[in-house]
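Here's the structure, in structure tokens; my notes come after.
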Amino acid sequence: MKFFALFIYRPVATILLSVAITLCGILGFRMLPVAPLPQVDFPVIMVSASLPGASPETMASSVATPLERSLGRIAGVSEMTSSSSLGSTRIILQFDFDRDINGAARDVQAAINAAQSLLPSGMPSRPTYRKANPSDAPIMILTLTSDTYSQGELYDFASTQLAPTISQIDGVGDVDVGGSSLPAVRVGLNPQALFNQGVSLDDVRTAISNANVRKPQGALEDGTHRWQIQTNDELKTAAEYQPLIIHYNNGGAVRLGDVATVTDSVQDVRNAGMTNAKPAILLMIRKLPEANIIQTVDSIRARLPELQSTIPAAIDLQIAQDRSPTIRASLEEVEQTLIISVALVILVVFLFLRSGRATIIPAVAVPVSLIGTFAAMYLCGFSLNNLSLMALTIATGFVVDDAIVVLENIARHLEAGMKPLQAALQGTREVGFTVLSMSLSLVAVFLPLLLMGGLPGRLLREFAVTLSVAIGISLLVSLTLTPMMCGWMLKASKPREQKRLRGFGRMLVALQQGYGKSLKWVLNHTRLVGAVLLGTIALNIWLYISIPKTFFPEQDTGVLMGGIQADQSISFQAMRGKLQDFMKIIRDDPAVDNVTGFTGGSRVNSGMMFITLKPRGERSETAQQIIDRLRKKLAKEPGANLFLMAVQDIRVGGRQANASYQYTLLSDDLAALREWEPKIRKKLATLPELADVNSDQEDNGAEMNLIYDRDTMARLGIDVQAANSLLNNAFGQRQISTIYQPMNQYKVVMEVDPRYTQDISALEKMFVINNEGKAIPLSYFAKWQPANAPLSVNHQGLSAASTISFNLPTGKSLSDASAAIDRAMTQLGVPSTVRGSFAGTAQVFQETMNSQVILIIAAIATVYIVLGILYESYVHPLTILSTLPSAGVGALLALELFNAPFSLIALIGIMLLIGIVKKNAIMMVDFALEAQRHGNLTPQEAIFQACLLRFRPIMMTTLAALFGALPLVLSGGDGSELRQPLGITIVGGLVMSQLLTLYTTPVVYLFFDRLRLRFSRKPKQAVTE
């Protein structure tokens, strides 16, 4: 009592305390960063290595495997995957959540250094690493276009001037420049001219390499002067290389221009980028795992004017894609929802209390509690994101509950004629323990969430802490500010005020009277109610088992990402045509705003596209509906497939896949993997629960297999190294020299001119100069035959791996898909040498599924323990917890009704319901126990009186929580797919629990009371327990 009196009789101190809480919250709000979701990115590091011309199998065995063995020893690596393709290897290291990325980067560098001696000596550079996840969608894409400059020159500007500057911006993890390659001098050899002049490809390579050198020449010096020696030892342009003498034939000079076409071109001609049908260079910017996307994008935008000033006016620099507008729009929608929820909750209070003065009290208490929470969020390092703002929206109903319970009880004493200050003190004393019980037991629900590990635990932690802090501040405000305001602001109702909203008052009285009559009947038919309660428990189990489940609601972020997978033997020219065709189909869709894409590099038969949709207000379809519409049009394109998926704020794993979910096959037997992967993929493609089934295993690339006759080679004076060098010189885009410029270094690239490599007969024109100086055709000592070869070799850990990716058709859930895949694997009878498991997001979903029931049970157990401690009873907590089955049934039925799967967001709703619906029972049980202890009433009389007496606050708190969640259900616009499942779960659970618990709780209370009396050794003390 002294605690309450301290604040009631010291209004100035109480007001200043509330002002201090509010001011701290305002300061915290201004400093909070903005993000789509809590920081849940795994620390990921990508290691890249290249060996131009090497086959995927060579890259896997000679580059990937040594690196994997060294990198696999690093502490904290949760997953290591690699992909080796023509001339390149990429290894993705995913670390545990608690691993510091900078420390991990140092360990990665040390591991690369340790493996260096095991790597091939011909690698042009050491392996490098980046602190970014290549599977993440870029947070921003910049494009460079020009009608004047070539693609190589644009790429040079992008990679030399723009990319390094952008990489230095806080939060930027990686800037990937695509669409072309650096400028280079290309030497296209004419094999017939070489043969006629008796010049080998090695002769050309050696001559060029020796003619372009950069070595120190020293200096001359006398007694008074010093002269630096400078020579014209470097050749920089094609015009300078063309007259280079490479050989003498019968005394005549053979110049490079006589046997080759020399051009100023690019390092790799098999690269193409486009934006809206126009050739472009793309700068794909990805953030660091721990970076804030909004802050990073804002920092990049702030630097754009400076960047534009560094490039010529004839180059157009544009933002082709920006992830931040939809994130900002989504957060604005949540903020509007929060404001609406506060307004609706205050309206509920006004309708019930029918007093403007009384309504002002919760209208002050709610903002103080919510605003004060921002200070704690800032101190905890949280952000303003969809989940934390949804927590505050839901908290609106919770924080007003405490104020309502105190306010309603004080108002009841005022209506009985008690003086305001006395009513405030007496009313607060009566319900102080009730409010404490409700708040502590509600916070207890979230304790298991705080202890939950992995991605779900990290994702839900901000939600749980934010809500718990809001409840804690609300508890403080409801026991300090609320009774003080009641004591000093409220007064006995006047007749004129009692007439306000008389219709609603009469309706409430009628409801209470009707409830009293129905409750009498129920208390005389307790077995029927008990059967209903048991039925709801059984129905809960059945609904939970049968309801479709997924990990996280499918978001509409306004951005689509597409992966092109073409025939494995397709040429680059044909692949570029496919990219253009797909981009035209996409660009013609009315919901599409911008399209960028690129193809080429080490995987000629693949490409990527990034599609920006129009804002939600300018289109009627969701991202998934647009994908479904485009899928039908894209299927008509022969020889290639474009797989589209909506970019999500949460993506797990480092695999670059063409669909949202992955299933990985592992085996130590590569032959078994290659045998079973096509069978499994074809089977999964027939399942109606899956869409866009594709695989990263590509074993049917066209290959020309050359078989050396070693005996003939020995007789002719030719070794294998010379023969392999011939092939690399002719067909490997071999980088044979370096041109040094002030801003960058460029390569001289040699190959047989593409005009002479249009078919297999090109091999017949190749020759080697033997040790006697004679030109020996390749056909003299080698035979060739067409064969199939892999376009890529993939590993997970140290095992061969193949990843099957898939999307979900409309109306299907991830639980449907995972169950269908498990059935298919069983039906196929896959041998034990081939192991299958879900990867990425699908893997996290499986882990979350296994822990959901345990999490719910842990929350219930925690609440039971807290209530048991508070009530010093084993029985009363069970009475209070008997309200939960009806809430569960209501929530699951509502999800089924709205065709929404059970996701992590719905799980949050279930956890919240555990805290919400027990409040009704707490209010009933508290007053019933008080009536038994001090009113000398029988248990049935006590619980009956408690139900009637608490009917109004129960209705008020339930309607406040319901109206607080209702805007989430009705909200549209950006981010609504996250908000609606939470609102649906809470509203459905509240409606059902309100209908049932008003009757089941009294029955359970009496049941446990009789049970306790039956087993008690001291029946006389049963009432005083």
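Any Cβ shown, glycine's included, is placed from N, Cα and C.
Sequence annotations record features per position, and here Swiss-Prot assigns topological domain 'Cytoplasmic' to 1-6 (among others) based on sequence analysis.
Under the heading topological domain 'Periplasmic', Swiss-Prot lists 30-335 (among others). The topological domain 'Periplasmic' (30-335) scores a mean pLDDT of 90 in the predicted structure.
According to Swiss-Prot, the feature topological domain 'Cytoplasmic' maps to 354-359 (among others).
Outside the topological domain 'Periplasmic' (380-388) by six or more residues, the chain places 29, 32-39, 292, 330-331, 334, 459-460, 462-463, 465-466, 975, 978-979 with a CB less than 8 A from a CB of the stretch. Marked as topological domain 'Periplasmic' by Swiss-Prot: 380-388 (among others).
Sequence annotations record features per position, and here Swiss-Prot assigns topological domain 'Cytoplasmic' to 412-430 (among others). Nonlocal intrachain contacts for the topological domain 'Cytoplasmic' (412-430), taken as residues 6+ away from its ends with a CB within less than 8 angstroms of a stretch CB, comprise 1, 4-5, 8-9, 406, 479, 483-484, 486-493, 930.
Look at Swiss-Prot and you will find 454-467 (among others) tagged as topological domain 'Periplasmic'. Residues 37-40, 42, 97, 373, 376-377, 380, 382-383, 385, 387-388, 390-392, 394-395, 398, 446, 650, 652, 844, 847-848, 851, 904, 908, 912 of the same chain lie 6+ residues outside the topological domain 'Periplasmic' (454-467) yet bring a C-beta within less than 8 angstroms of a C-beta in it.
Annotation source Swiss-Prot lists topological domain 'Cytoplasmic' at 491-852 (among others).
Annotation comment: Swiss-Prot describes 876-894 (among others) as topological domain 'Periplasmic'. Counting only same-chain residues 6+ beyond the ends of the topological domain 'Periplasmic' (876-894), those with a CB under 8 A from a CB of the stretch are 441, 533, 536-537, 539-540, 543-544, 547, 860, 863-864, 867-868, 902, 906, 909-910, 913-914, 916-918, 920-922, 925, 929, 984-993, 995-997, 1000-1001, 1004-1005, 1008.
With a threshold of 8 Å between CB atoms, the same-chain residues lying at least 6 positions outside the topological domain 'Cytoplasmic' (918-947) that come near it are 401, 405, 430-431, 433-434, 437-438, 441-442, 515-516, 519-520, 523, 863, 871, 876, 879-884, 953-954, 957-958, 993-994, 997-998, 1001-1002, 1005-1006, 1009, 1023-1024. Taken from Swiss-Prot, the feature topological domain 'Cytoplasmic' applies to 918-947 (among others).
For 971-984 (among others), the entry in Swiss-Prot reads topological domain 'Periplasmic', with the evidence type sequence analysis. Remote same-chain residues near the topological domain 'Periplasmic' (971-984) are listed as 326, 329-334, 336-337, 386-387, 390, 394, 553-556, 558, 616-617, 622, 891, 894-895, 898, 900, 903, 905-906, 908-909, 965 (criterion: CB distance under 8 Å, separation of at least six residues from the stretch ends).
Taken from Swiss-Prot, the feature topological domain 'Cytoplasmic' covers 1008-1025 (among others), and the record attributes it to sequence analysis.
Under the heading transmembrane segment, Swiss-Prot lists 7-29 (among others), citing sequence analysis as support. If you look at the transmembrane segment (7-29), the same-chain residues 6 or more away from its ends with a CB under 8 A from one of its CBs are 364, 367-368, 370-379, 384, 421, 424-425, 428, 473, 477, 479-481, 483-484, 487-488.
Packing against the transmembrane segment (336-353) from elsewhere in the chain are residues 359, 362-363, 366-367, 370, 389, 392-393, 396-397, 400, 404, 407-408, 411, 501, 504, 508, 952, 955-956, 959-960, 963-968, 971, 979: each is 6 or more residues past its ends and has a CB under 8 Å from a CB in it. Residues annotated as transmembrane segment in Swiss-Prot: 336-353 (among others).
Long-range Cβ contacts of the transmembrane segment (360-379) within its own chain (Cβ-Cβ under 8 Å, at least 6 residues beyond either end) map to 18, 21-22, 24-29, 31-32, 338, 342, 345-346, 349, 388, 392, 395-396, 399-400, 402-404, 407, 462, 465-466, 469-470, 473-474, 477-478, 481-482, 485-486, 489-490. The transmembrane segment annotation in Swiss-Prot covers 360-379 (among others) and rests on sequence analysis.
Swiss-Prot lists 389-411 (among others) with the feature transmembrane segment.
Summarising the annotation, Swiss-Prot assigns transmembrane segment to 431-453 (among others).
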Structural state census, the topological domain 'Cytoplasmic' (918-947) (DSSP three-state): 26 helix, 0 strand, 4 coil
Distant-in-sequence neighbours of the transmembrane segment (389-411), which means Cβ under 8 A and at least six residues beyond its ends: 331, 334-335, 337-338, 341-342, 345-346, 349, 352-353, 355, 358, 361-362, 365-366, 369-370, 373, 423-424, 427-428, 430-431, 434-435, 438-439, 442, 462-464, 466-467, 470-471, 473-475, 477-479, 482-483, 486-487, 490, 912, 915-916, 919, 923, 952-953, 956-957, 960-965, 967-968, 978-979, 982, 986
For the transmembrane segment (985-1007), distant same-chain residues with Cβ under 8 A (at least six beyond the ends): 394, 515, 518-519, 522-523, 526, 529-530, 532-533, 536, 878-880, 882-883, 886-895, 897, 905-906, 908-910, 912-913, 916-917, 920-921, 924-925, 928, 939-940, 943-944, 947, 951, 954, 958, 961-962, 965-966, 968-969
Same-chain residue ranges lying at least 6 outside the transmembrane segment (895-917) that approach it to Cβ under 8 Å: 394, 397-398, 441-443, 445-446, 449, 456, 459-460, 463, 467, 543-544, 547-553, 811, 813-815, 848, 852, 855-856, 859-860, 863, 883-884, 886-888, 961, 978, 980-986, 988-990, 993, 997
Distal contacts, the transmembrane segment (853-875) - CB-CB under 8 A, six or more residues away: 433, 436-437, 440-441, 444-449, 452, 544, 881, 884, 907, 910-911, 914-915, 918, 925, 929, 1008-1009, 1011-1012, 1025
